[in-house]
Amino acid sequence: MEVGALTYGSAYMLSLCSFQLVYGKCFELFSLKWTFMVAIAFREVGLAVCGSAPNSVAFIVGRAITGIGCSGIIIGAWVVLAHCVPIRKRAVYTGFLGAFAGVGGIIGPLISGALTDSHLSWRWAFYVSIPLGVATLALICFCFRPPEQPDQDRNKTVKQKLMEFDVLGLSIFFACMICLLLALQWGGSEYPWNSGPMIGLLVAFGVLLVCFIGVQMWKGDKAALPPRLMKMRNVAFACFYAACIDAAYYTADIWLPIWFQAVKGESARESGIKLVPYVGGEVLAALTAGYLVTFTGWYNPFMLVATVLASIGLGLMTTFEIETGPSKWITYPIIAGIGVGLGSQQPMMGVQSTLALSDIPAGTAAVTLFQNLGPAILMSVANAVFANGLTKHLHGTGGFSGQTIADMGATNLKAMIPADLLPAVVEAYNKALKETFSVPMAVAVISIVGVVEGSYEKIARHVLPKLNCATFYLGFDDPRISGHFEHLRFVTQGKNVVLGLVSTKTAEIDYKEVLVHRIHEVAEAMAKGQGRAVSDVLADSLAVSPQSGFASHSINKGVTTEER
């Protein structure tokens, strides 16, 4: 059963993560409406297969199909939002998306807990979701009117669109995810981390990851995950922040009910009810943040406050004791939940406000990929910390091993542990869980990097529109230092930009194709902000210049006149 349980989780996570880049391309090339509906249909079929599965193989297949559908639903919801809601109002709807996801996080444990404690079959955990999915499918089919595709995509045949898929990159990525997720699922439970199978999986993951990065760089804009997007500061650090803040939230979301069950002796249903303050705080904060971002036009400050509050709340949870009362086990999770709620939707908001509409599917896929990989990795780390801590703190307690106690389940301790040993076992469990809570706390603290290392947008938003000048002279070194061009959308109409694109700080020659591509990126950013056509911006608002000080750096020595 343990191997089966691991396989069930692996099947879902594997398809969920692996297909996000596929859907990123599908939403770019195919009909937004029908791609979204296909994703919902996959989820419904997967739930039906799981609910009616006659054996483990059928159940695993159902979980994999469900993961494929959920992967497209997550990305599709964001892409639909980007196409249908103006950027100035998008933060409010972003908050609603986060809030509804949080409500699901409240209702889900309550339903699963009630089913666990009742005489109903586990199959109903899958059946109850199907009617909602069918209703959503009908609503989208009859009420949603998607925007028209660009002419260049609408006129392509299905074969031409399929040829644009990065099959090699996606295949390598799929194999990479298999190795990573199996290692995370099996490590420390089925196999020791230093065993041959685990070392083999981790080495294979590393090699495949390097190959995937190489293929993406080779493919360029045709890649499944275009390097051009990942070089943008907003996108790169949004992915990092999303991975950290979501990993912290979902890891605590898993272990907090276990604390209630093992330490407080609550049932599965009661622990689900006591999780409401944590998830409820996240829901209310997500809604509030959506309105405040719309009102202020800023999302970075909420990411910073989120990091601080989430770190404090999760840090306070590491102080839980057996006698801890409601004043603490309600308040501390609320603080953590509010923190996560304020920041969880902001990475997506930042990416969508940065990218051109045509890049949003790929950018959305990148963020959602990290949002899912972060929790998957951190949960494995937390499992290892808990197992090691439980073994350490059980030493000398009736000969019980950490694995034996963990296999009993958190809700069965009182029934399976002798009464004279129960207090010592519960104390060991509590100490191990406190150490486990330190894992999401540490990652919440690290998420600060995603805030302070973001783009120059917070400066550009207020400086560029207000400066009383006719022309901006802007130097460009590289995407890492200069933050790419997304912030130039704040240049108002009537002002000119002279681009110092020809770098003079190295001896490397700039290729014409690269310069032309950068000019078009700038024009697209300015056109997006001014509501004009790219061709108009190119015609009357842009000029190109070399940077000054050609020989200002020692590595320029020896450059020939012809090269200059």
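For all residues, glycine too, the Cβ spot is worked out from N, Cα and C.
TrEMBL labels come from automatic prediction, so no person has curated them.
Sequence annotations record features per position, and here TrEMBL assigns domain 'Major facilitator superfamily (MFS) profile' to 1-459.
The transmembrane segment annotation in TrEMBL covers 60-81 (among others).
As annotated by TrEMBL, transmembrane segment applies to 93-112 (among others). Proximity of distant same-chain residues to the transmembrane segment (93-112), defined by a Cβ-Cβ separation under 8 Å and at least 6 residues beyond the stretch ends, is recorded for 77-78, 81, 85, 125, 128, 253, 257, 268-269, 271-273, 275-276, 279-280, 282-284, 286-291, 293, 341, 344-345, 348-349.
Sequence-distant contacts of the transmembrane segment (124-144) (same chain, at least 6 residues past either end, Cβ-Cβ under 8 Å): 33, 36-37, 40-41, 43-44, 47-48, 50-51, 62, 80, 111-112, 115. The transmembrane segment feature in TrEMBL is assigned to 124-144 (among others).
As annotated by TrEMBL, transmembrane segment applies to 165-186 (among others). Within the chain, the transmembrane segment (165-186) has long-range Cβ neighbours (under 8 A, six or more residues past its boundaries) at 6, 9-10, 13-14, 17-18, 21-22, 25, 197-198, 201-202, 204-205, 208-209, 211-212, 215-216, 219, 222-225, 373, 376-377, 379-380.
Residues 166, 168-169, 172-173, 175-176, 179-180, 182-183, 186-187, 191-192, 223 of the same chain lie 6 or more positions beyond the ends of the transmembrane segment (198-215) yet place their CB under 8 Å from a CB of it. Taken from TrEMBL, the feature transmembrane segment covers 198-215 (among others).
The transmembrane segment annotation in TrEMBL covers 235-255 (among others).
For 275-295 (among others), the entry in TrEMBL reads transmembrane segment.
According to TrEMBL, the feature transmembrane segment maps to 302-320 (among others). Same-chain neighbours of the transmembrane segment (302-320): 241, 245, 248-249, 252, 256, 259, 263, 289, 292-293, 328-329, 332-344, 346-347, 430, 433-435, 437-438, 440-441, 444-445, 447-448, 450-451, counting only residues six or more beyond its ends whose CB sits under 8 Å from a CB of the stretch.
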Residue numbers, six or more beyond the limits of the transmembrane segment (60-81), whose CB comes under 8 Å of its CB atoms:
7-9, 11-20, 22-24, 26-27, 32, 35-36, 38-51, 53, 90, 93-94, 97, 126, 144, 146, 348, 352, 360-361, 364-365, 368
Mean per-residue pLDDT computed across the domain 'Major facilitator superfamily (MFS) profile' (1-459):
83
